[in-house]
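Okay, here's the structure, questions in a sec.
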Amino acid sequence: MAGLAHPGSQTHLFTKLSHQPKKFTPPSRIRMSLQENAPSLAVVGVTGAVGQEFLSVLSDRDFPYRSIKMLASKRSAGKQLTFQDRNYTIEELTEDSFDGVDIALFSAGGSISKHFGPVAVDKGAIVVDNSSAFRMEEGIPLVIPEVNPEAMEGIKVGMGKGALIANPNCSTIICLMAATPLHKHAKVLRMVVSTYQAASGAGAAAMEELELQTREVLEGKPPTCNIFKQQYAFNLFSHNAPILSNGYNEEEMKLVKETRKIWNDMNVKVTATCIRVPVMRAHAESINLQFQQPLDEDTAKDILKSAPGVVVIDDRASNHFPTPLEVSNKDNVAVGRIRHDLSQDGNKGLDIFVCGDQIRKGAALNAIQIAEMLL
């Protein structure tokens, strides 16, 4: 039962975040986070899977703030939410929501970002947007802090004007965390990526549907197919993003275009096949790399071991390599199966296998790391 594991490990991670009381936070930690001279925050889409993870990461990293607005749709407005032992009322997102806000973390979908992102910027907020709305727009930084921090140089809280920074797609972040250190050493000419993407990438409702379908199938009932329109439990299928005229889907083209922008290299050749697998919250990716300069597997392993945000799990003797379960709820991206590509000559090709938590480094953690760079 790949990806399903035992109850309480992966399947229930989101429900723990959203339905159970937050763990007790010691007062000293609250004082560290809640500071008079710190920025004011707004979280847009606070009730979603990534919105909930924003709060979890803010708390884990003791992100300093003087106030925080919890923003969501009209449907969620008025509900209560506990964060770091304080009660907050969720407010409806409106054009007036960003008065006095320094940093706005958005994860409420592209159409919401397109409308409210510029509104927040006009009011002086720095927006970190998790949707695809602005990623490929000229002049808008698309940032993975460990990869291209220079792209957002000069953007700081207190600079007197708003700005917008885009968070890359989850599969791009997880891929480039591993590929970039190797690219900087030997220059990647071509990259072939196959992804095995978790339910969390489609949101909390998809995670709940996978859990529901698994129970239904095991009980011999027909599976409920509201999100994906086909059975997901005990199955896998081509990523549910729309198919384009070139035969690629939108998810695959995000990997192609975003890699070129982040690496600032329009000539790098990238091709991808994206697959949805019945795993709860961590993506896996098989990556084949062709280099300009020779790079042997031992050197590659050493480079990856010292790369920030990367952990190497590569034990051939015991056949132990990265798994989605091992990286779930973890900050680091795990890399393994590091080996010379036998189909390429002269140590100019490598295969690697990468796993990363889609909600965390693939979304919320990356956004909070960007926010930390604004301070």
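Our numbering is plain: 1 for the first residue shown, then up by one each step along the chain.
Cβ coordinates come from backbone N, Cα and C, glycine included.
According to TrEMBL, the protein has these features:
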DOMAIN    40-155  domain 'Semialdehyde dehydrogenase NAD-binding'
ACT_SITE  Cys170  active site, acyl-thioester intermediate
ACT_SITE  His283  active site, proton acceptor
Tell me the Cβ contacts of His283 (active site, proton acceptor) under 8 Å, same chain only and six or more apart in sequence, or just say none.
Cys170, Ser171, Ile174, Thr195, Tyr196, Gln197, Ala198, Gly201, Pro324, Cys355, Gly356, Gln358, Gly362
Tell me the residue counts in helix, strand and coil for the domain 'Semialdehyde dehydrogenase NAD-binding' (40-155), as DSSP assigns them.
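Tallying H, G and I as helix, E and B as strand, the rest coil: 29 helix, 31 strand, 56 coil.
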